[in-house]
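This report concerns only the one structure given below.
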Amino acid sequence: MGIKFTKMHGLGNDFIVLDGVNQSIQLTVEQIQKLANRHTGIGFDQCLLIESSQTEGIDFNYRIFNADGQEVGQCGNGARCIALFARYYGLTAKNKLTVATKTTLMDLIINEDNSVSVNMGVPRLAPGEIPLLADRQSPEYSLKLNNGNTVNLHAISVGNPHAVLLVENIDTAPVNSLGQQISFHPQFPEQVNVGFMQIVNHEKINLRVYERGCGETIACGSGAVAAAAIARLFYNLSDKITVHLPGGDLCIQWPCPTAPIILTGPAAFVYEGTLLS
């Protein structure tokens, strides 16, 4: 295959990043699945592909593939990696970039400390925009599970779909079992990422996330944004929230519901390599 890649991570949410500007890259679903295997491949949560854009005002196309090969529209941790990747490898000299994903535009700012701030846009709550099959918009929805039990959750889109559940203790939350049931629930026709949120105080939440196509990851940028938005809208938290994930902390700023929500956090390089087959 002979494709150069870079392994990166954002708080342990790990990626391979591919330069589609200087290389011709066409990966199949099966190839991505094989590369994502942590025993026989490289191992990663997502595969990120940066490509040239022909659209004025957009610096790059930013494509995101989950470990199951599915292309998705949002990844906040990956966006921070893409920004540092583009500058490090000389694809741009700019510290402020605009990238286009499958579903949205994102503004990325590389800060002086090499953290990256990501404009994640304005969160959307309308069921049709999430998407969620529901008769009307509601602060909370009830889903009936296969075992007959009912679970209450919030639903929101931040460029990709998220369900958020309030729990007393994330350490004992059934993230994998319940997360999987909700992620594949037929009321979410494009599947859904599932966040389990514990409110610590007015300015901090703890969070674990089951990501569609991946399972639980130790950090999820868009999940942090979704949970912080729900916390601010329905639980009266501050306009600046620290989200503590198993992999570390992210800062979310959201001055008001009509403004874009901003995610700030680190990104790190791990190693370079070449895909041989």
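Cβ atoms are placed via backbone N, Cα and C, with glycine included.
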Record-annotated substrate site (Swiss-Prot): member among Asn22, Asn37, Asn66, Asn169 besides Asn13, Gln46, Gly76, Asn77, Asn160, Asn193, Glu211, Arg212, Gly221, Ser222: Asn66
Fewest Cβ neighbours within 10 Å, where candidates are the binding-site residues Asn66, Asn77, Asn193, Ser222: Asn66
Lowest local Cβ density (other Cβ within 10 Å) among recorded positions: Asn13, Cys75, Arg212, Cys220, Tyr271: Tyr271
Cys75 (active site, proton donor) as reference: those recorded positions from Asn193, Cys220, Ser222, Tyr271 with C-alpha within 10 Å of it: Cys220, Ser222
For the substrate site built from Asn13, Gln46, Asn66, Gly76, Asn77, Asn160, Asn193, Glu211, Arg212, Gly221, Ser222, further residues of that chain with CB within 8 A of the site's CB center: Asp45, Ile64, Val72, Gln74, Cys75, Gly78, Val209, Cys214, Thr217, Cys220, Gly223
Residue from Asn13, Cys220, Ser222 whose C-alpha is spatially nearest that of Tyr271 (site 'Important for dimerization'), among the recorded positions: Asn13
